[in-house]
Amino acid sequence: MSASATQTAGEVSMGIKPPSHPTYDLKAVIKLALAEDAGHTGDVTCMATIPFDMEVEAYFLAKEDGIVAGVALADMIFEHVDPSLKVEWMRKDGDYVHKGLKFGKVSGNAHKIVVAERVLLNFMQRMSGIATLTKLMADAASPACILETRKTAPGLRLVDKWAVLIGGGRNHRMGLFDMVMIKDNHISAAGGIVNAVKSVDEYLKQKNLEMDVEVETRTLEEVKEVLEYASGSETRLTRIMLDNMVVPLENGDVDVTMLKDAVELINGRFETEASGNVTLETVHKIGQSGVTFISSGALTHSVKALDISLKIDTELALEVGRRTKRA
């Protein structure tokens, strides 16, 4: 939603849409998360302390600086819990928030708001942490594009990859089904890198399949083997991964000489992707090497959640936050 726009929970806004997936059911994931919290009795504390017909206003508070993500998902959760809740967002997915900012409000049945609170915050905090790191990495990586990997939380892959999009990154393959990615174990089992690429070419032709193909290379010799094969064969190969060609140095810097040499060998014939030793400190130097993409598992497997809360008594929450340096 745009700033100061009000909606009911049944009117879900969608700015940056989630990536597509043929079998992933986002609504079912929301339902599962709520059921996990409710168990077989529901929220016993709410039932004991909050009159069922009480109505309140609650505000979303940022407790640290970052990129907010999960606004559209929060709308979906509120819709599932109680479509009559009224939601107002002062920030949208992808916007910057600072510590102490009230960036959203929900009003309606107190019981329903409190029931939704922890589940939607769990999603939003994780997504916002991913989006915040992605934004930092994407800005530093330019002109290369930053990608995540399949190193996502089990069951939350689409949510994690959605957060990467919100943070300004690009999505790598969604799973095992939408791209051929020939990795080290495939190469070892196939008896070498050329055998592996050739087998993929034959398989895709036999099955009449159209999809991108990437191969992982670990040495300049493997890069040369792939290029030699491609120069004499009709291949479906679209991208070459340059794995662990960024060499860490004792002083904390990295040597990208091997990476640059590989990029020069490929000379634009295929997309290139750097992988390994990618951090916020190294990504800028890697991005200047000429690679098309940089992939980082840390965007999703080591994410630090962004601290966000949903409070009915916001003044007291802000007072406590200031006392603890979190507002």
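Note: Cβ is positioned from N, Cα and C throughout, glycine not excepted.
Taken verbatim from TrEMBL:
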BINDING   ARG118, THR149, ARG150, LYS151, ARG173, LYS183, GLU216, ASP243, SER275, GLY276, ASN277, SER296, GLY297, ALA298  substrate binding site
DOMAIN    43-128  domain 'Quinolinate phosphoribosyl transferase N-terminal'
DOMAIN    130-311  domain 'Quinolinate phosphoribosyl transferase C-terminal'
Residues in the domain 'Quinolinate phosphoribosyl transferase N-terminal' (43-128) grouped by DSSP into helix, strand and remaining coil: 36 helix, 24 strand, 26 coil
Pairwise C-alpha maximum, in angstrom, for the residues (ARG118, THR149, ARG150, LYS151, ARG173, LYS183, GLU216, ASP243, SER275, GLY276, ASN277, SER296, GLY297, ALA298) that bind substrate according to the record: 41
Number of other Cβ atoms within 10 Å of the Cβ of GLU216 (substrate binding site) across all protein chains: 22
Neighbourhood of ARG118 (substrate binding site) by C-beta distance under 8 A, where only residues 6 or more apart in the same chain count: ASP37
Greatest C-beta neighbour count within 10 angstroms, which of the binding-site residues SER275, ASN277: SER275
Segment confidence, the domain 'Quinolinate phosphoribosyl transferase N-terminal' (43-128), expressed as mean pLDDT: 96
